[in-house]
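**Student:** Not my notes, these are from TrEMBL:
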type	residues	note
REGION	A:1-40	region 'Disordered'
BINDING	A:67, A:110, A:115, A:116, A:135, A:182, A:305	substrate binding site
ACT_SITE	A:210	active site, proton donor
ACT_SITE	A:311	active site, nucleophile
């Protein structure tokens, strides 16, 4: 639930214009070698592959009780539900994923934001310990559904650890974990222990709820990043920490930088991004991605409670039945 | 010298033997014989026996030169491989010559270093040997003979460098002599008078088997390494190395260029053959056999837990291992439990084995080589692949890990990566005692570089880390290895440099490999892996070693000391030992090759900006009350002008703490013509290490040298870790008075008895306290700043710990040392402009310093500066010499000399002071002609040394306002134990100086006394 609030939506004209350009020449890794099984993600080529998605219905309690970083207009539940159904519909219908939908739990107002409850990478799932105590129970349902998928399960039992999935950015090569109000060092350590193959770097997150409140992956080597100062600073940090050079896609609005990239065999690069009605300038930037199949999705209601696109699903690539 | 000679002989023998052995053992591989240099190269074999990896080309120039120099050097020498020549010459080197050589040595070195930055190929293997003391000559010789004579030549070529003819002559003489020697050696090839002592040596190979051989006791690492590689039939050997362990958990790489014995000391002759540089893309290796060994290494790494993997990856890699070692899965043959004999992971479970077996079935048809390749393709993506981890603490005392890899330095806290410094971002890597520092290029919007310090468990660990960094940087980032640090002058610290081939070179060489894929048997990894426990990831697994250790039961510690002590003694004699000696030149610069140029280039250009600019920047960066600092650092090396930069050359001299019992006397002799140039405090207290960096690189001139080998090991505990020094402007403020500071350092590591000094220092011989390495050496500015920052920071903090100033009276009358602290380390910072003139006297050299700054300010700073500063009771001693020495000079214009202050000195009474400070200056210094810039005619630095004294002479000739003035500044360092009468030695030195220059006057005497136990030291 990287329920990111647009931290300012500062529009820098220049950036907006250049958003589509990949500022940094990326050098691509040697093609991944064929492998019969997942492990190390199969290299960049496999990034974004996805077979299953876990989502959860939203409870009515969300409107009044969901955590929110800033007071604001009340969530229009009906509209929120419609938007969410559209979202799920795209995943299931348009993209052909097997969607596992958990029922809403009224006692868990934030339960729709499933992303925070688990981090799944390849065949391994880390059940988190969300930073907000009121959300810890959300993990239980998540655990059940992931177990059904026969993933390697790791639970975060350390009481000193907190981790929200919204703070975890997996690039296909490494992890970045935002150290925020919801995620602490210990949580990041456990994540590093869980996914030993990958470098796990920490990124301080101050002005927004989650790391992914202002960034996400928009392609195998492409980081979508907001224009706010905080976002740019975080990007710099990530660039410094990484041995790899990523391309970046800078969008004017931080909230719009949270998008969902998928690599669907029959469709190629697919990108779910915020609708032009919400963030027109940012949408224009996405529209410059010629290789992507673009699917605009509105998320106006959940955004009021810090929800963003990635928050509402856990994507899983189930490649083996081992 | 004796020592040295002896060792040389040995070396020679070695190489010869090796050659023979090889010839015998492998007749086919004629190319391996030392004599056949060219063929060797052609076959892309490494000519590692010799310190000179260099191509044949260099040898020709050298031979030419020799011929030119002396008629004696003809014939054979030309055909000798460079290393042979060199060795022989060493062997025969006469002690007598040493003196002369010494006199010129430093200068030559300096020149060499700078004039041939591009001569990466030639790697003076001995860089370390020369180490401390001004044993530069030893180094010199080697360098000359080794690799290429180019080094020497360039120096001469540089017309701009003001060489006095005498010097040149001396050099030539030397060369003659050497050549001669070579010939002699030639004629009597098997002369080695000593019987050869051999030692049995065991090497654990990657497949767990043990290889043993007999080695001559004095053999260098290369010989053993070559033997092992030959045994393994491995050609792409640059990725590998030999490890030896001390304390069973500290792994050290055996330096190929140094004697094994000196490195392992009392440890058993037991090594492990390991991958040293993990190729980022193993598919680019040429031979399958190389990949095979890499696989074996990685299997060990994984099984031991050093290379962490997820469950899934463990199973995948395990399955490839099975495929490579057992072939296709055979249901009949491979029973269900066949797999459990292998170890794939630190904590292997039944489930994992089952999955491995399942995956194994899917690899049907893969050849062993293909399976290995697949294994590597997956393993190389692991985030910890090729990362060499070291325990450390950050500035706040938090436990972290520093990981050195192909791309740079990674910082981990627990398993999290908390920072990363790519090589191009790093300006300098240094260590000082147990602290490890990196100076980092400023970030985009930042203005200043920052220095980040880490605390290592001990100084050996710090040095180890530093060396690994130097090696990794060189191997992965440079096209060819960097030359060892140039001048030994003001610098202390390790001169260590990576001397092997770089990745670029080895790849090139690999392309030439032309042999049918060698057959080799893949042994099962069962044996090896089972013995390994899952060790924590950061710790190298040494189970193997441990076994050995126990078997051999060698309590290393005690013996080490002895050895070191012995080494020390040798050092005193003038012999140069590689490892052990504390090096004076800690400053390593990281040179970025073309590859690096991306970002660096700009920086370089910037750096080349005018001095004034630099100055300005500098001032900005160091906003403190010590504006003079900059000035001090600026030196106008005359010779540098050649480079087209007029007058703006910056020398930095930094002294680091860590000297023990050392007396530095700095009588400055000033020729009085017009006005005297100002002088700076020769010893700016702080430091045991002196570093001089020549901003320009063009030529280096260094002035003083005060370091002793003893210095090398001072286990001084520095508690502070400096974090981002640049930003701390605060420090500066406090620093003002630094000039006079003497730091008192507490030594914890080493025994601190004065009498011990020799042994203690020697004990650490291998560990210099300080080392620096700068990736971008052309960046003058950077260098300078760095120095400063470091100095400031360190000084300040250390300073606060305890500062002790020792004063000595001029004329050697009396040296009073208030020694209350067990150990007093004086740091000497000298930053002055200097020029050198050849000195005829071995022991005395004259040093002329020209300070660009204004004395007044400086003095003021001193006086008002730090509280911690012991005040300056300076009793200046000035000796005027009316007759300036005649120096042959070249006209050089210094553009930016305006700032110089001239000080005229007249006779000043000598005053004895009891202050802890060692500096004596005549009050009159400030005088006269501040602000007048002169034209620098020439400058020269000469260093000479005798048993107990080292003299550096700087001679500068300037023309100011039509009047020419020659300044000679001489720095005499007297080192020795309590039994040496320092006063007398000092008096003698001064006397000699006076004899040389009857008219001179002594303007200043600076005495540093450094002892471990001050009490005992007091005479």
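Cβ atoms are placed via backbone N, Cα and C, with glycine included.
I'm curious about the neighbourhood of these features; can you describe it?
**Tutor:** For the recorded site, residue A:210 (active site, proton donor), the DSSP three-state label reads coil.
Residue A:311 (active site, nucleophile) has a Cβ environment of 30 other Cβ atoms inside 10 Å.
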**Student:** Should any of the binding-site residues A:67, A:115, A:116, A:135, A:182 have a Cα within 10 Å of the Cα of residue A:311 (active site, nucleophile), which are they?
**Tutor:** A:115, A:116
**Student:** Between the Cα atoms of residue A:110 (substrate binding site) and residue A:210 (active site, proton donor), find the distance and write it as a whole number of Å.
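**Tutor:** A Cα-Cα distance of 15 Å.
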**Student:** Using a 10 Å radius around its CB, how many other CB atoms surround residue A:305 (substrate binding site)?
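**Tutor:** Looking across every protein chain shown, the total is 28.
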**Student:** Including all protein chains shown, what's the count of other C-beta atoms within 10 A of the C-beta of residue A:135 (substrate binding site)?
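**Tutor:** By my count, 23.
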**Student:** Under 8 Å Cβ to Cβ from residue A:182 (substrate binding site), same chain, six or more residues apart: give me those in sequence order, or none if nothing qualifies.
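**Tutor:** Once residues fewer than 6 apart are set aside, residue A:182 (substrate binding site) is near A:116, A:130, A:131, A:132, A:162, A:163, A:164, A:166, A:167, A:209, A:210.
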**Student:** Go through A:67, A:110, A:116, A:210, the listed recorded positions, and name the one with the sparsest Cβ surroundings, counting other Cβ atoms within 10 Å.
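**Tutor:** Lowest Cβ count within 10 Å among the recorded positions (A:67, A:110, A:116, A:210) is A:67.
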